[in-house]
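Features of the protein shown, as given by Swiss-Prot:
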BINDING   441-448, 487-491, 541-544  GTP binding site
COMPBIAS  50-67  compositional bias 'Low complexity'
COMPBIAS  68-90  compositional bias 'Basic and acidic residues'
COMPBIAS  110-125  compositional bias 'Basic and acidic residues'
COMPBIAS  129-141  compositional bias 'Low complexity'
COMPBIAS  157-167  compositional bias 'Basic and acidic residues'
COMPBIAS  262-295  compositional bias 'Basic and acidic residues'
COMPBIAS  309-318  compositional bias 'Low complexity'
COMPBIAS  337-346  compositional bias 'Basic and acidic residues'
DOMAIN    432-599  domain 'tr-type G'
REGION    50-217  region 'Disordered'
REGION    260-346  region 'Disordered'
REGION    441-448  region 'G1'
REGION    466-470  region 'G2'
REGION    487-490  region 'G3'
REGION    541-544  region 'G4'
Amino acid sequence: MSKKRLYEIAKELGKESKEVVARAKELGLDVKSHSSSVEEAVAAKIAASFKPAAAPKVEAKPAAPKVSAEKKAEKSEPAKPAVAKEEAKPAEPVAPKTEKVAAKPQSRNFKAEREARAKEQAERRKQNKGNNRDQQQNGNRQKNDGRNGGKQGQSNRDNRRFNDQAKKQQGQQKRRNERRQQEDKRSNQVAPRIDFKARAAALKAEQNAEYARSSEERFKQYQAAKEALAQANKRKEPEEIFEEAAKLAEQAQQVQAVVEVVPEKKEPAVDTRRKKQARPDKNRDDYDHEEDGPRKQQKNRSSQNQVRNQKNSNWNNNKKNKKGNNKNNRNQTPKPVTERKFHELPTEFEYTDGMTVAEIAKRIKREPAEIVKKLFMMGVMATQNQSLDGETIELLMVDYGIEAKQKVEVDNADIERFFVEDGYLNEDELVERPPVVTIMGHVDHGKTTLLDTLRNSRVATGEAGGITQHIGAYQIVENGKKITFLDTPGHAAFTSMRARGASVTDITILVVAADDGVMPQTIEAINHSKAANVPIIVAINKIDKPGANPERVIGELAEHGVMSTAWGGDSEFVEISAKFNQNIEELLETVLLVAEIQELKADPTVRAIGTVIEARLDKGKGAVATLLVQQGTLNVQDPIVVGNTFGRVRAMTNDLGRRVKVAGPSTPVSITGLNEAPMAGDHFAVYEDEKSARAAGEERAKRALMKQRQATQRVSLENLFDTLKAGELKSVNVIIKADVQGSVEALSASLQKIDVEGVKVTIVHSAVGAINESDVTLAEASNAFIVGFNVRPTPQARQQAEADDVEIRLHSIIYKVIEEMEEAMKGMLDPEFEEKVIGEAVIRETFKVSKVGTIGGFMVINGKVARDSKVRVIRDGVVIYDGELASLKHYKDDVKEVTNGREGGLMIDGYNDIKMDDVIEAYVMEEIKR
């Protein structure tokens, strides 16, 4: 008979599939889902159950349809013995079965059930073993019969074996199906399947109904309270409105509490939650084993159901807790909806380039999405984290009606701004300041002697080699007025120091010896002063010498643009003798006169700014810097930034070595307290606090490092040849240590200017201070030697230098350092050799000796032929071979040389093609001194 699926029956009746499934279960049918199939008679029975007329019949005889349907199903499958056993049992009515589904399951004796199942499995396993043994004996018997039968019965045996295997497989499949049907019936009887979808739908409908009832009650209460509040607040003050609103809210809460205390009576709901059912495990038997090995075991459906039941139970528990929490939340009074505050737009907006949309939105108190939309309408695609340029920000502010102003950001690390800002100085606080005078001129023209005379001390006698090594800053008093003097070196190596002195000075005193006249450094000093736009006072010194000629000096200076006022120029000329203190007062009066004409003024009320004159490292004090205060007043404990360093002024000393606490404009002082020694010529400035000074100093150091890295020379087509050529040069590595920063600069510049073809100077390291162990370690690693200028090595450094074979050269005069370095560079060059011919000889006879070679008998016709000389073989005026002698003999004796007019024999190394009348030219290579 044909079968029908439940969803087909539902489609014919116009019902939903789940209704048909539920009706089939009510009729006692074992169906699982809408895709389950039933016989046509059962389908007709299900269809008839939906008709009103058929309903009484079903109630009168509930068990009759099921019994008939089961009998029909059993007749359709007569081969199943398990079904036949079921026929013998009395038919159970359907109604009691449906009652079991709704009722609570009774307690079971699981221990007794497990023991019974174990006994059944043991008996079945024993029976299967006997069957397998009989089958094995039959198989062995068949094999023996096949072997005895011969070739003729081979096909018959194969057919019988195939039939036996087929029967065996059919029997196993039959027993397997019977067991499965028994297990399914047993599981259905113990725990019938539950329609979880129907139960979940019922539970959800019940919860929705409960929530709708409670929500409707709360909504009505809220509407009533709102209407009452609106009527009462028509003509009341805001304070009264808020008080009454609070009272009404309390009343609403009380009403809600009463509603919760006295809930309405409802019929108890049927517990539709899924119960955890204990299903028996599947019987494991030996039917899944065959001769070729065990088969893959079937999945344990019971254990899967247990896991699924446990998950659903946990989900229900969590859902229950969540529903309870929501119920508590529903009982609370709803929070009033707060209206969004309206912020007025500012009238002005100060912006900087690179502001993001989010920053602008925060400043004008608008949402970023609103600004993004406006920008989109303006044709600008942007996100809230995107930076905008100044023009876009201005257009955006115009759209909002806000006046946009660009914020001028001040670079806190820029010291130079203090020197150029117009508003830094107070015009009302300006006072007259002392002039800063720089004494410049050629070496040994008497600059330091003049300054010594001015200070009434003997500083000049202490200068090594008669030249000043670094700038000296001093202050004297003349006619109650202070004058600050700077003494600059006159040697050619100190060009940078003279330029630095001219840049901070107000007046330049150009010292020219009356007997020497204008010299190279004199011209250089003139150029520095003109570049700095500084007036020049010419002091013609050494007029006491017999060969003095001041007129010649005036004429030579006029050729270089320094004209005397007597000749219509603007430079004052004073003839002096610094050694004998002649006309010194007149020179000082001239200085004060020129300073008065310049009207030099400063503001002592502002924070101090100025220039570094000199810097050095002291063993006990650390970094020591000589500063010239140009504006403001410098105090002890001031936070200060000097060049790329920073610190706090711990101590100040004047030019006399006395400690001072205050330094006004045009005052030279030495300070301590910096973290590093600055560079001479750097500017300094005092900051408000140490935090800002530290930030500015660190930022300046970072910028200097980045600038140094970016200054690395890159190879291009223009400098490719120079780069390749520099790679072929030899290098002299030098480490320079000096007493002051100015000497380090001068020495480094002078050494790098030394021009020796093929050799260059590489300054590995240069610093201020004594030679220490780290300098020796660096020299050893870089294969360099150390030059100490006015410094000495520490005892530990000296011992380490001797152990590591590092050369240390100490000097106090700069031109001696330059001469010594030039000699060292020339010694680095490869020696040059010149060829010198020492003699000639003619081959008179040749002798060929086996295993030796060709011997040439010769006579010296000019000079001599030496054993260690090189020879050329010349034939018909052409050089045939150039090489060395293998042996030289006079008759049978080995000799070192054969002189003119004598005969001998020779062999040439690597050459045997000597012929008669060949000319042998002997020569040597001599080294040429550079």
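Our numbering is plain: 1 for the first residue shown, then up by one each step along the chain.
Glycine too: its Cβ is placed from the backbone N, Cα and C atoms.
Overlay of Swiss-Prot annotations on the structure.
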residue: GLY441; record: GTP binding site; Cβ within 10 Å: 27
residue: ASP444; record: GTP binding site; Cβ within 10 Å: 16
residue: LYS447; record: GTP binding site; Cβ within 10 Å: 28
residue: ILE543; record: GTP binding site; Cβ within 10 Å: 19
By DSSP, how many residues in the region 'G1' (441-448) are helix, how many strand, and how many coil?
2 helix, 1 strand, 5 coil
Counting only residues 6 or more past its boundaries, what in the same chain has a CB within less than 8 Å of a CB in the region 'G4' (541-544)?
445-446, 449-450, 511-515, 550, 575-580, 582
What three-state secondary structure does DSSP assign to ILE543 (GTP binding site)?
coil
Taking only the residues in the region 'G3' (487-490), give me the average pLDDT of this model.
56
Going by DSSP, how much of the compositional bias 'Basic and acidic residues' (110-125) is helix, how much is strand and how much is coil, in residues?
16 helix, 0 strand, 0 coil
